[in-house]
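As structure tokens, the structure follows; a few thoughts come after it.
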Amino acid sequence: MASPFFARLSGNSVMGSGIRSFASPVRTTSLPQASFAKGASGRSGFHASSRRLDFKTVEQAKSRYRSGPFSWKSGLLFLASGVGLMIYFRNEKARMERRRVAEMSKGVGRPKVGGPLNLLDHNGKDRKDEEWRGKHMLVYFGFTHCPDICPEELDKMASIIDLVKKEHGDVMNPLFITCDPARDTPPVMKEYLAEFHPDLIGLTGTYDQIKQTCKSYRVYFSTPPEIKPGQDYLVDHSIYFYLMDPEGDFVEALGRQHTPGQAAKIIGDHIKDWKVAAKKA
């Protein structure tokens, strides 16, 4: 006798000349279907229905993963930030050093450089230091009969004046004070200074006035007190440019080792510092 299971199987699977399907006890999962389409060239092409990849080529995909979280742009930004910080701290250090030098010149127990001026200018007009308040002063001591050093330093002073004026405007009074009052009269000084720079202000006075002024600025002064007409003599003096702030206080002395560009840079930095301090006050 045939088993009922085989009987059912036989009855469901065969009918007439065709085979009938029966339900499978196993569940299947549908996979994405692929379709073929004929392109313009007549050749079949494969189109996947799955999600397209973001990368067009394999090399682009590799490049993205090879670069990591940092790019060349972020590297340049990091480098630029580092350089900017380095420049800032270097400038700040230089500013603090200039401030320290300026404060040292005003320190207790140190000899003061500078003092009141009451002299004649190269036009024969009485001038006092109060007239130049509000601007920096660049003071140089010399004499018109100086054979070599004074002309060189006055040429240098003229270059400094132009450089500072170009960068910061009319913010400085350049003064030339003679160490030889017997020969350096106002007309002599006017003719002499005209060869160097129109902004230079020549100052002269009596022997005692010049001696006291040189003493105030700590300038070596060796001019003889009594000179006979036509007498020839030598004059020794210190070779420095004295920078004074707009209140008449000494800031810094610039020597022969400074080029015009270096001196102008130092003066310009002090001018900037003064403006910053004035805004904060």
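The backbone N, Cα and C atoms fix where each Cβ goes, and this holds for glycine too.
Here is what TrEMBL says about this protein:
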- Cys146, Cys150, His237: Cu cation binding site (BINDING)
- Cys146-Cys150: disulfide bond (DISULFID)
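Positions of the features from TrEMBL, shown on the structure.
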residue	record	Cβ contacts under 8 Å, 6 or more apart
Cys146	Cu cation binding site	Val235
Cys150	Cu cation binding site	Gly142, Phe143, Thr144
His237	Cu cation binding site	Phe141, Gly142, Phe143, Cys179, Cys214, Val219, Tyr220, Phe221, Ser222
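Listed in sequence order, the residues Phe141, Gly142, Phe143, Ile149, Glu153, Cys179, Val235, Ile239 complete the 8 Å Cβ shell around the Cu cation site centroid, once Cys146, Cys150, His237 themselves are left out.
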